[in-house]
Ligand code: ADP
Ligand code: MG
């Protein structure tokens, strides 16, 4: 791999140069528009600070949520600009547009060491367009924010699996470098992908089987145990003939799950008990049940205590652990015990020498919101889809483009 990194750019010298940085500021917001988990912003700071210290004129770009190509104040990066200003201890201006007059004027007006942010790149439909010409046109406008002698730093690890304009096309127009976060994520995940110490235990949860089928197929042959919990386990349980009642179920995936269990047999580890809930609500009535015990019309929102024990046991001897996807609806206190128990088991295994990686936005958020020690894991990835695709062995377009 011949990817130039931020260090190369700093060695070349950045004083007075405009550097366009793609960061991942896609943070969760509450109804009041406040950031509930600033993890991704914090993870982006080292690259930004290094550029500021080098005297660059930093133009940041990122997306937030899914505004679907339209300007929508609900998805403005204003809270991010504020959080950045606080953390960098310097004013970070937010342009009133993406690549319009205001963005250009502000970019022109930057002094050495200044930092600005353009508005949500997904306010522009060309960001995610399938039409290459449209993306190229948008990329040209983004690149023009840097004037002469500009550079592009790719640091949004959470989006490098997407061939979108601000991630992919813009890299073709400017000298390009991998930022510190992208670099660190890739070198860490490579350890898990290429030569994991055994036993290698993967824990998958979250909502959709179809999203994670690729990773199940790719990892099952490599792992000693593939533990499946969360919303996706019910399709597997249904495939075993259990009545999962109103639990999350992807009927069109039942056959695929059957085949996976036939092929990988004992490697796939499923829950042995569940927490049933009367409805999808934080105050729902709840009880511990066995796999056939979900009351009629109820649903399961977490794995049960015996499952936590079983998963703990498998994790206790692991030397490499990868975790993606919560074990239950951890956002509701009543249904957080499964996720918490399994996460604690991983922290324990890590203390005993295992190398553990957490990937996935909600999984990473669960570690923090459940009050667990982030440092208890070897690495918490900022990318969900990106880390999964990397482990599947897929080429990430946003990384591949940096190699050229
Ligand atoms: P990640 O972001 O870590 O990749 P996902 O986005 O795949 O994880 O899934 C996270 C979501 O899955 C959480 O919001 C959680 O509430 C939901 N979830 C987990 N278990 C269940 C369940 N049993 N029923 C419904 N939703 C669930
Ligand atoms: Mg998620």
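Cβ coordinates come from backbone N, Cα and C, glycine included.
Residues 212, 360, 361, 362, 363 are recorded by TrEMBL as ATP binders, and the candidate that the same record lists for that site, out of 185, 251, 331, 333, is 331. Residues 24, 25, 26, 40, 63, 64, 65, 66, 122 are recorded by TrEMBL as substrate binders, and the candidate that the same record lists for that site, out of 162, 314, is 162. Comparing the binding-site residues 65, 360, 361 on other C-beta atoms within 10 angstroms of each C-beta gives the minimum for 65. Each of the binding-site residues 26, 363 was assessed for Cβ neighbours inside 10 Å, and the highest tally belongs to 363. Ligand 2 lies under 6 Å from the Cβ of 361, out of the binding-site residues 26, 40, 65, 122, 361. The 6 Å Cβ screen around ligand 1 retains nothing from the binding-site residues 24, 63, 65, 122, 162, 212. Not a single one of the binding-site residues 212, 360, 361, 363 has a C-alpha within 10 angstroms of the C-alpha of residue 24 (substrate binding site). Cβ-based neighbour count (10 Å, all protein chains) for residue 63 (substrate binding site) stands at 28.
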